[in-house]
Amino acid sequence: MDDTRSYDIAWLPGDGIGPEVTREALRVLEAVGSAHGFSVTATEHRMGGVALDETGMPLPDSTRDACLESDAVLLGAVGGPKWADNTGDQRPESGLLALRKALGVYANLRPVRVPAALADASPLRPDRVGGTDILFVRELTGGIYFGTPEGRTDDGARSTMAYSDDEIERIAHVAFQRARRRDGNVTSVDKANVLEVSELWREVVTEVHDDCPDVTLRHLYVDNAAMQVVRDPRQFDVVLTGNLFGDILSDLAAALPGSLGLLPSASVGGTVGLFEPVHGSAPDIAGQDVANPTAAILSAALLLDEVGETAAADAVRHGVDAALDAGFRTADLAADNEEDASTSAFGREVATRAADSVPQNAPTP
């Protein structure tokens, strides 16, 4: 690439703390862009509850179209108690499902890292959790959440778990490709001792692995995997699983760092990637400059990975770690005897340290 690389970002601040945490993510993107020779242009669009209030739709057509025309989508958070009684397509969260469908994404990436500086914040023993670095690769469009038939019957209810060979194969390829960039180990999680769908899952994943002999593969039943995530999380590198099991396991692992404010996510595989923090809109602290922007900033790092700016993505992660190592803590992480860093102050620290982690005119890798 030349020195005129540029990326158009569809910025969806959303509700609650979404605007303030993604604002810091954009600050960091601009800082590392200057250091790595690319520019970022972010254009704001409405989504979620704020879009409902203004347009009557949680995902206006104009927002959807802008996302499809962008290089990446950065989302803050959607929803809140104001819209808690809404149903169907009048729920703010329905806009997120519609956006994922429009973008065609099928792979959800959920990194869970416990930086050494924050090991004491974990509910687990620091010597067991410190240094944890797991990437959950969750299939996002199939499984029991979308299988048919489903619904209430005269005497009960039914849900259907279903996967096709192709759906399993494509998500397995994502997991093996990501493992090659990391430590080269994939743990595939299923329930093949009970479920026929899981038997197929294990068979197809094993077949895909035949084409990736440089990556190590092991299989775990989901109940054992849940125990192992708590017992020894550092054993995992990439965890590959279906929609239901991935939903549960990634939320279980989300407790390891000690704050949802540290957890980013990406939904990829379609025309454009969607990047968002795992946490919700937290309306009770919105607008107070106290929210932790780390998850949004690390989501921006995933965005950079996806568009090929891997050195800049690593610089962002280094900036977060450096700020934490220097003792900067937002309110959710600060000890009683520590001074809190505001949302904006923490974002500035990360931006400065991320930009300074490489020479100003570093060559493109």
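In case you wondered, yes, glycine gets a Cβ from its N, Cα and C as well.
Database features (Swiss-Prot):
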- 80-93, 280-292: NAD(+) binding site (BINDING)
- Arg100, Arg110, Arg138, Asp223: substrate binding site (BINDING)
- Asp223, Asp247, Asp251: Mg(2+) binding site (BINDING)
- 337-365: region 'Disordered' (REGION)
- Tyr145: site 'Important for catalysis' (SITE)
- Lys191: site 'Important for catalysis' (SITE)
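This view paints the features noted in Swiss-Prot onto the structure.
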residue	record	contacts (Cβ under 8 Å, 6+ apart)
Gly80	NAD(+) binding site	Asp15, Gly16, Gly49, Pro92, Ser281, Pro283
Ala84	NAD(+) binding site	none
Gly88	NAD(+) binding site	Ser94
Arg100	substrate binding site	Leu140, Thr141, Ser267, Leu274
Arg110	substrate binding site	Leu135, Phe136, Arg138, Gly246, Ser250, Ala253, Ala254, Leu263, Pro264, Ser265, Val278
Lys191	site 'Important for catalysis'	Ser198, Tyr221, Val222, Asp223, Phe245
Asp247	Mg(2+) binding site	Arg138
Asp251	Mg(2+) binding site	none
CB-centroid shell, 8 A cutoff, Mg(2+) site Asp223, Asp247, Asp251, site residues removed: Val222, Ala226, Leu244, Phe245, Gly246, Ile248, Leu249, Ser250, Leu252
Surrounding CB atoms that lie within 10 Å of the CB of Tyr145 (site 'Important for catalysis'), all protein chains: 14
For Val290 (NAD(+) binding site), nearby residues of its own chain (Cβ under 8 Å, 6 or more apart in sequence): Thr330, Ala331, Asp340, Ser342, Thr343
Rounded distance in angstrom between the Cα atoms of Ala282 (NAD(+) binding site) and Tyr145 (site 'Important for catalysis'): 26
For Ala286 (NAD(+) binding site): intrachain residues, at least 6 apart, with Cβ closer than 8 Å: Asp15, Gly16, Ile17, Glu20
